[in-house]
Amino acid sequence: MAESLASIFSTEKDKVNCSSYFKLGACRHGDRCSGLHNKPTFSQTIVLLNIYRNLHNSSPSAGGLHGAVSDAEMQQHYDEFFKEVFTEMEEKYGEVEEMNVCDNAGDHLAGNVYVKFRREEDAEKAVMDLNNRWFNRQPIRAELSPVTDFREACCRQYEMGECTQGGFCNLMHLKPISRELRRELYVRRRRSGSGSGEGRSGSRDGGPGSCPRRWTGA
């Protein structure tokens, strides 16, 4: 009996627990969901809710900034954001194994940043601290997330440019960073055998790719 229940836990056959929340750490129905959202008490992964703002969606006009911002400018803006958050997480809380940013339009996924730390203790410390901080003049909402395998949560069709659901797809549309930034944040660090130190950020004191400091609080 126990094995049977375990096999259907948070799947479509589970009539008690929300499979969407278990897979994505988010649910489009929110508090109105008929399933239980079992929030983890420990996890390597945290989520910063709705913290990323896509430039195409940030204009007060209905059309956003799509016509005014080139693809190259969009990528630079995103890379600067990603680098700033990644660097802050590692320098203040601990080694980051993986970081992913949702480019979905649905409220439950839009702008969510998932940070998977190497150690659960670092994730717990980050959540406690980040909920007392602000980013870009907005209070941060952070919580532990059940997501540890992003291959199960992401939309493969989006990665191939074929998702017919657009921004309102209920799987993660993970926005990619440039190859240059990936090499800087991950490859060089791993070659050096260190999760911190030189070769990772380089943006705190200006120079190419630098960005303004937007963190306030603890």
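Yeah, the Cβs are placed from backbone N, Cα and C, and that goes for glycine too.
Model, not experiment: these values are computed from the prediction.
According to TrEMBL, the feature zinc finger maps to 12-40 (among others). Long-range contacts of the zinc finger (12-40) within its own chain (CB-CB distance under 8 A, at least 6 residues past either end) are made by residues 47, 106-109, 112, 114, 143-147, 152-153, 170-172.
Residues or ranges marked as domain 'C3H1-type' in TrEMBL: 12-40 (among others).
Residues or ranges marked as domain 'RRM' by TrEMBL: 69-147.
Listed as Cβ neighbours of the zinc finger (149-176) (distance under 8 Å, sequence separation of 6 or more from its ends, same chain) are residues 20, 23-25, 28, 52, 78, 98, 100-106, 109-110, 114. As annotated by TrEMBL, zinc finger applies to 149-176 (among others).
Annotated domain 'C3H1-type' per TrEMBL: 149-176 (among others), in sequence order.
The annotation region 'Disordered' is assigned in TrEMBL to 188-218.
Residues annotated as compositional bias 'Gly residues' in TrEMBL: 194-209.
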- Task: Report the DSSP secondary-structure composition of the domain 'C3H1-type' (12-40) as helix, strand and coil residue counts.
- Result: 9 helix, 2 strand, 18 coil
